[in-house]
Amino acid sequence: MSFLSRQQPPPPRRAGAACTLRQKLIFSPCSDCEEEEEEEEEEGSGHSTGEDSAFQEPDSPLPPARSPTEPGPERRRSPGPAPGSPGELEEDLLLPGACPGADEAGGGAEGDSWEEEGFGSSSPVKSPAAPYFLGSSFSPVRCGGPGDASPRGCGARRAGEGRRSPRPDHPGTPPHKTFRKLRLFDTPHTPKSLLSKARGIDSSSVKLRGSSLFMDTEKSGKREFDVRQTPQVNINPFTPDSLLLHSSGQCRRRKRTYWNDSCGEDMEASDYELEDETRPAKRITITESNMKSRYTTEFHELEKIGSGEFGSVFKCVKRLDGCIYAIKRSKKPLAGSVDEQNALREVYAHAVLGQHSHVVRYFSAWAEDDHMLIQNEYCNGGSLADAISENYRIMSYFKEAELKDLLLQVGRGLRYIHSMSLVHMDIKPSNIFISRTSIPNAASEEGDEDDWASNKVMFKIGDLGHVTRISSPQVEEGDSRFLANEVLQENYTHLPKADIFALALTVVCAAGAEPLPRNGDQWHEIRQGRLPRIPQVLSQEFTELLKVMIHPDPERRPSAMALVKHSVLLSASRKSAEQLRIELNAEKFKNSLLQKELKKAQMAKAAAEERALFTDRMATRSTTQSNRTSRLIGKKMNRSVSLTIY
């Protein structure tokens, strides 16, 4: 007798009852089974893999099930038809502590297993013992008679009856779907049986691994809907993260284990679930970004300040902060067009470049009715092309000092763009904007109201629709008037030097040259290193610098870093306003020190004169006193004596 038998004697059994449970999985070509199999296939063939859960009774007084490798009661299988043919598959497990004579009542000392509706294989995890069911009137399988509802009775009766499809016992028994909703299944995971593997092979539809075994159609449909509704994210091609993503290829597939608080399950997420969560979503197009009109809700349009090939630019004031912005709106719908990529490229470049004093600042972008809108910094001076047109109308030109300042500031903007491994590829007067600001001088802070402020002109680079990477260029050719010859020949080895070439021609246009040709002999002469005719006299050093910038060999052209450090641009004749202000403050400080020293010297001189005068006075006074107190010794003195008698 085992230890369990000595401590706890087996409970009394009914007449003819056995201590073991025998359950059969009956597969018959009846209509009920076919209907149930069709329902299970509709739920998804991946739900019956058995990888995610296994049967286990909570708070069961029985010991846990032994693994197949551990020593234990031997397993016996009753003869039956082959798994491939319609018939019944019977698997018996010998319960520990089985009493003798069980073979007579139940057909042998065989173990128990749960019949799983719609699974095709029984779970090897241990089910409750026979005494647990002997006192109950419910069973997970239907019995033949209303009086005998125990698992033993069902097993004995089924041995002699024909094949029947498994069905719930009676209304009190929880149905299979409700049982699944209880989520009473835990590790260890149930391995696939031969029959379930065969069914998985025959399945026509393949689901993602890791799908929950007990996910019904409503939940799975809801989950797929949620996945489809997940906000998508664009990948910025100009960020370092995008390079790492493309270089690494697909994300590594790994498994993770997490705890499900709702049912106490230690579940293992599969590879494809993680891929669905971490895989970068496809690019958001203009059509998918439609929303309520943000332009009319958040901004008040003041006027139209410009237009071009891409669209129109409007001067707007934001209702929330009251600041003025430039809103760029595409003329025609961009969804699915070639201009859509240019619009997205401009947004990507603005987001990566961030804020720089010589690059137009970017704030936000969105889509409305298939149109792209970009919120940028408002430059009150307009574009350089507008200024050149105005100068041409009044026959006035930028002076050499102003041209040097223009070249220096735009060169600093290009240096910043090139330092981010990007190239602009469309430098021209219409893409350079002017911002005029009033900056208080230090003299105003000291109380000098004659020169209280100075106008500072800032040149900023805008329109980043042609920006591309230096390492992996996707060149979209810009204006042919400012296009370098090597770019036209599809030689992209020196793309930053193409921006230098275009900048030189931009300065030439600002100097008063005639409009540049789009093609022809004059176009080729410029690509050979000949400057267009300039209607004003420039210094030889500045002219030579412009010639070097349009040299036919791109390697001979200076880089943006070398350009901003050139001696011609940093000569003493042209100093910035900040440098002049610093020198002025230094001279004022020196002047104040000299004034203080002068006052000290004057005070010292006055004190010395006062001390000298005081010394003279003291000397004169001492001489006078000495003369009055002196006596003549050895001489006769006449004294008068008066006597008054009363």
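Note: Cβ is positioned from N, Cα and C throughout, glycine not excepted.
If you look up Swiss-Prot, you'll see 32-43 marked as compositional bias 'Acidic residues'.
Positions annotated as phosphoserine by Swiss-Prot, on the basis of experimental evidence: SER53 (among others).
Per Swiss-Prot, phosphoserine is recorded for SER78 (among others), and the stated evidence type is similarity to another entry.
Taken from Swiss-Prot, the feature phosphoserine covers SER85 (among others), and the record attributes it to a large-scale study or a structure entry.
The compositional bias 'Low complexity' annotation in Swiss-Prot covers 94-103.
Under the heading phosphoserine, Swiss-Prot lists SER123 (among others), citing experimental evidence as support.
Marked as phosphoserine by Swiss-Prot: SER127 (among others).
Per Swiss-Prot, phosphoserine is recorded for SER137 (among others), and the stated evidence type is a large-scale study or a structure entry.
If you look up Swiss-Prot, you'll see SER139 (among others) marked as phosphoserine, on the strength of a large-scale study or a structure entry.
The annotation phosphoserine is assigned in Swiss-Prot to SER150 (among others) on the grounds of a large-scale study or a structure entry.
Per Swiss-Prot, compositional bias 'Basic and acidic residues' is recorded for 158-170.
The phosphothreonine annotation in Swiss-Prot covers THR187 (among others) and is backed by a large-scale study or a structure entry.
The feature phosphothreonine is assigned by Swiss-Prot to THR190 (among others).
The annotation phosphothreonine is assigned in Swiss-Prot to THR239 (among others).
The annotation phosphoserine is assigned in Swiss-Prot to SER270 (among others).
Confidence over the domain 'Protein kinase' (299-569), given as mean pLDDT on the 0 to 100 scale, stands at 88. What Swiss-Prot lists as domain 'Protein kinase' is 299-569, and the listing cites sequence analysis.
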Cα-to-Cα gap, SER307 (ATP binding site) vs ASN342 (Mg(2+) 2 binding site), nearest whole Å: 16
Site with most surrounding Cβ atoms, counting all protein chains shown within 10 Å, from the recorded positions GLU309, ASP426: ASP426
Of SER307, ASN342 (the binding-site residues), the residue whose Cβ has the fewest other Cβ atoms within 10 Å: SER307
Integer Cα-Cα distance in angstrom, ASP426 (active site, proton acceptor) to VAL313 (ATP binding site): 18
From binding-site residues ILE305, ASN342, GLY465, the one whose Cα lies nearest SER312 (phosphoserine): ILE305
Residue with minimal Cβ packing [other Cβ atoms within 10 Å] among the binding-site residues ILE305, VAL313: ILE305
Binding-site residues listed as GLY311, GLY465, least Cβ neighbours within 10 Å: GLY311
Other CB atoms within 10 A, centred on SER312 (phosphoserine): 14
